[in-house]
Amino acid sequence: MRRFKRKHLTAIDCQHLARSHLAVTQPFGQRWTNRDPNHGLYPKPRTKRGSRGQGSQRCIPEFFLAGKQPCTNDMAKSNSVGQDSCQDSEGDMIFPAESSCALPQEGSAGPGSPGSAPPSRKRSWSSEEESNQATGTSRWDGVSKKAPRHHLSVPCTRPREARQEAEDSTSRLSAESGETDQDAGDVGPDPIPDSYYGLLGTLPCQEALSHICSLPSEVLRHVFAFLPVEDLYWNLSLVCHLWREIISDPLFIPWKKLYHRYLMNEEQAVSKVDGILSNCGIEKESDLCVLNLIRYTATTKCSPSVDPERVLWSLRDHPLLPEAEACVRQHLPDLYAAAGGVNIWALVAAVVLLSSSVNDIQRLLFCLRRPSSTVTMPDVTETLYCIAVLLYAMREKGINISNRIHYNIFYCLYLQENSCTQATKVKEEPSVWPGKKTIQLTHEQQLILNHKMEPLQVVKIMAFAGTGKTSTLVKYAEKWSQSRFLYVTFNKSIAKQAERVFPSNVICKTFHSMAYGHIGRKYQSKKKLNLFKLTPFMVNSVLAEGKGGFIRAKLVCKTLENFFASADEELTIDHVPIWCKNSQGQRVMVEQSEKLNGVLEASRLWDNMRKLGECTEEAHQMTHDGYLKLWQLSKPSLASFDAIFVDEAQDCTPAIMNIVLSQPCGKIFVGDPHQQIYTFRGAVNALFTVPHTHVFYLTQSFRFGVEIAYVGATILDVCKRVRKKTLVGGNHQSGIRGDAKGQVALLSRTNANVFDEAVRVTEGEFPSRIHLIGGIKSFGLDRIIDIWILLQPEEERRKQNLVIKDKFIRRWVHKEGFSGFKRYVTAAEDKELEAKIAVVEKYNIRIPELVQRIEKCHIEDLDFAEYILGTVHKAKGLEFDTVHVLDDFVKVPCARHNLPQLPHFRVESFSEDEWNLLYVAVTRAKKRLIMTKSLENILTLAGEYFLQAELTSNVLKTGVVRCCVGQCNNAIPVDTVLTMKKLPITYSNRKENKGGYLCHSCAEQRIGPLAFLTASPEQVRAMERTVENIVLPRHEALLFLVF
């Protein structure tokens, strides 16, 4: 192929080139003389090309081992653009047999091992390179018109390097000055031109380095410092020896490593952190433990190039800088007036400790990223990890420090290391199914998608609320489109919705629908299927003579329920409950004789239920849980699937787990272990009980922002001691202090409270439009009316022609009436009917009018409703912009600093189900959460009182300021530097705490040693200490005495 012709430049062309950026960026391509600085840009007469000479100078430093090339222009002798004075030697190689970027292998010597030959710095001339020259392919600066660009991957071999002629440079100069590059929009990031990153220009013979291994170790360390520790150890350390050495270096991100090792309870890490706390006076007995934390942080080493004045200038816009400066100046003057200027890390630590939200930490990072700042982000990140691990350890040691500070740091660092916004673009996982929306996957989701299921594997995905577990399964099924999957869940509506979003290689079913197809259909064809659950009323009618009664019938029902939920093949005495309620409503232990009678009656009842013949007794009909049990006992085979997805795995019963685990294919259990709210149905948490081969976590919620995420994480932290994995949200705004806007969801624990709220919001001249979750029919307003009719005297029923529609309730008209019905409900422990009876007794004669009003205000489309009402059980899986948590959940009676007045209260006294219900309610919110006073009290158990620091000089501008605590008479002292202010908050009962300034004594009672950032211990101790009087509602006081 012919070589391209040189372009002859006119004088005008030379003037354009002299003014272009190429004259600056390519200084080696210009002739510099004393007379004419643009002399090298003039046209050069065509001369005969001479033979190439052997060049000896090499211009790339030694640390660019993999990319070293022979220089083709001796700059000391000639800097002419059109000459090439270097020649390659035949047979020389550019790569050594084993380089520092080779993959680690067992038994292989390291890069510095004895006997390893020094790497050759030459290369051989290849026919491919000669072809590139012949075709005019330009690879200057790494941009090739003929071949695709490199990708940021780590291959074991390097791409062959092309040789560049001097004519290529001249050709490109003319093309860039007068022509538009058509491929400009398609090229990727520019490769590295040389070891000086092109700042000194590039030579015509020199090819740009485009391989990540060509980066210096210092640059790699800087890049790796931004990655999660899990990625560094599980993935990057396996790439090559060089990367492993960088990651294993004890001087590389030491605090980040120590933080994660401490969370894992590694013995050496715990010992090291404990030693730091002890040696630096960061102990529970020390009033100055927080100030000592700042002092220790100030010892953090930083680069010699750090200019404190420039860093301070970068922080000038941070809202907490004046408070931080005042704190350090007053309490740590030696760090503020140091010889080299103010200690920057002391100011950073003070800002972090005074921060009241994640926004304060994010603003701090933003300021320190400014070009005017001389600190590096790895140094800042290391400092934050240092503070984080010490704060975490302080809480472990019982020091009264708020978990909010650690949460703020963790949240920012998590987003920095895992958020998609940290990279220019995160690759979206393409959908192979037409019409499916492409979504961006998080780092945690991508780890799951990369796992290939094998037979008999058991994978657990522990997913917090709103973390996209369903979308993760959808993307998994799309990626592994050649496999067949079975998606199973418990809720029919969820299964229907799954059918619409999953690809065609996934079959979506409920467990009961599969059992119905194999077993239940047979009973339906014989009209022997009970559409409702077995009740003590049904069972009582078939018990043996002399052994009846609703209490014994309840015992038999519970025995059968335990058997249906278990994986056992035979019904035994072990299925009989240990405890029951007697006729006086007291909880007593079941006697052995009652156990034997209970298992005998339950076995007889189960035998009659299994028969396919006709039956006259309602109790002998097969139930849904009954035919599911029969299907489990038949040992079904699901061998046609490659893997089974079990959604909401925390609600699995042992019977269901037995069905799934007995299959030969792979199993994926997905769920949130903290959303287990169906233990009363015999559910056990499969995410804890089932042994696994692999476990993954989804911790970042797409549903809500930081404030709501903090409340959910604190409930798990304080009430369930969950600290190893932390719930985080997104970067969008969310509020928890009572700012309700637009549509509001009112979530309750019981149906009785739902009815109360429906009555309240539909009152007045302009009643609100409401929507009951699950529909008005499922709420049971008809049964409320029937119970009210049952309550009316017989004469009144006849007079008003009142007819009870419900078959079961109608039976009590001719039995014992309303009083007998109520006794039965109490003995049967039927919570649903108990709630309805409570509603009827509370509103009595108003029931018909209230039910009619609720039905009139109810609309089916929730998008047009002003209020959405329902219980947490029905709201599970849903989400709403604003959630209003009602006041019938588990209660913490007072704030932490007043709990010593209630010695009988224990968080551990309540079951996990109660805390799970509250957690589910809170995590339904997307934008705003309206809390109860009890929920705020839970946050105080973690040290969060919604306080923010202000300069005392600003507080006292208007005169004397009193403490906002009602029973406190202290005033804010003038000689203190900072004062804490309680932020206002509106509770779900519409009461408002307007907040205000706290005296330093009251602040110390609430936030402990953090108060000594505002005033000295002597000043705080000199103030009068106020003890608040706690007045509890009578029923709550009795409850705490009982427990």
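Cβ coordinates come from backbone N, Cα and C, glycine included.
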Phosphoserine according to Swiss-Prot, picked from S51, S124: S124
Motif 'APIM motif' according to Swiss-Prot, located in which of 192-196, 227-231, 807-811: 807-811
Stretch carrying motif 'PIP-box' according to Swiss-Prot (options 57-64, 97-104, 745-752, 769-776): 57-64
Using DSSP, would you call K469 (ATP binding site) helix, strand or coil? helix
Run through the Cβ atoms and count how many others sit within 10 Å of the one on A463 (ATP binding site). 26
Neighbour count check, CB within 10 A, over binding-site residues T467, T470; minimum at T470
Would you count the other C-beta atoms found within 10 angstroms of the C-beta of K469 (ATP binding site) for me? 23
For G468 (ATP binding site), what residues in its own chain, 6 or more apart in sequence, show a Cβ-Cβ distance under 8 Å? T442, Q445, L698, F702
By DSSP, how many residues in the motif 'APIM motif' (807-811) are helix, how many strand, and how many coil? 5 helix, 0 strand, 0 coil
Whose Cβ lies within 8 Å of the mean position of the Cβ atoms of A463, F464, A465, G466, T467, G468, K469, T470, the ATP site, other than those residues? D672, L698, S701, F702, R703
If you average the pLDDT over the motif 'APIM motif' (807-811), what number do you get? 92
Across all the protein chains here, work out how many other Cβ atoms are within 10 Å of the Cβ of G466 (ATP binding site). 24
